[in-house]
Amino acid sequence: MKIVAPVMPRNVEEAQSIDVSKYQDVNLIEWRADFLPKEDIVSVAPAIFEKFAGREIIFTLRTSQEGGHITLSDQEYVDLIKEINAIYNPDYIDFEYFSHKAVFHEMLDFPNLVLSYHNFDETPENLMEAFSEMTKLAPRVVKIAVMPQSEQDVLDLMNYTRGFKTLNPEQEFATMSMGKLGRLSRLAGDVVGSSWTFVSLDQASAPGQVSLADMKRILHVLESED
C-alpha cells in the first residue's frame, strides 16, 4: 500500500518554502492546487514540480462540489487540467467523475487518470453503482471517499472494494471511509485491495486522515513477519 501526502500551498511563497525532507517516507505527493486562486495555479506550478523533481505527483483540483476550495465551471476545470498536463505531465491526474461527467469525453486520451468520487455527507445507497460505473471506464485508479454514518457504512465500503478488486485484479483502487469512524478503512487497504492511503503532515486534507508518523508505525506492525 502506497502512502500519499498532500501539499497545499496558498501562494508561491508557501510553495517555495515547502520542506521536502518531510516527504522522504511518502510514496506519492498530491498537489492540492485548489488551495490557490485559479489564476495563480499555473504560475505556482513550477515551484511544486521543481521541489518534487523525480517524485511521483498527483495533480488534484478538488472543487467545492466535492469538499475542495475552488469553484470552476466544467470547462474551466478541464482546461486547467489540460494546461498543467501539457506543461508538466504529472504522473497522475485526479478527475472528479460525477461532478464533471459532461466533459469526461475530453479526458479519454489521458492514460494516468485517477477517477474520483467524494461525498462528505454520507455513504450513498448507490455506492455499488458508483464503483461499477467508474470501474468499467478502466482508469489508472478508481478513488472513492465517502462519509460513514454507521459502522455498517465503513464495512460496506471495504466489502465493495474487496469485491470489485477481486473481480478486476488489474484495476487499482484507492478507497476510504472518512472521519474518525472510518479510520479502519485507511489502515486496512492491503486486506481489501485499496492501493493508496492518504496521510497528513502539518494539515489534514480530509477528515480522519492519520498522521504520517502514526501510519508508518501501524504499517510496520501490519507488515511485520513476526
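Placement of Cβ uses the backbone N, Cα and C atoms for every residue, glycine included.
Keep in mind that what you see is a predicted model, and the values were worked out from it rather than measured.
If you look up Swiss-Prot, you'll see H118 marked as active site, proton donor/acceptor. In the three-state DSSP assignment, the secondary structure recorded for H118 (active site, proton donor/acceptor) is strand.
DSSP assigns K143 (active site, schiff-base intermediate with substrate) to a strand in the three-state reduction. What Swiss-Prot records for K143 is active site, schiff-base intermediate with substrate.
Annotated 3-dehydroquinate binding site per Swiss-Prot: E30, W31, R32, R62, R186, S205, Q209, in sequence order. DSSP classifies R32 (3-dehydroquinate binding site) as strand under the three-state reduction.
Around R62 (3-dehydroquinate binding site), taking its Cβ as the centre, 24 other Cβ atoms fall within 10 Å, counting all chains.
Packing around E30 (3-dehydroquinate binding site) is summarised by its Cβ count: 23 other Cβ atoms lie within 10 angstroms of its Cβ, all protein chains included. A gap of 15 Å separates the Cα atoms of Q209 (3-dehydroquinate binding site) and K143 (active site, schiff-base intermediate with substrate). Note: the Cα of K143 (active site, schiff-base intermediate with substrate) and the Cα of H118 (active site, proton donor/acceptor) are spaced 8 Å from each other. When the Cα atoms are compared, R62 (3-dehydroquinate binding site) and H118 (active site, proton donor/acceptor) turn out to be 9 Å apart.
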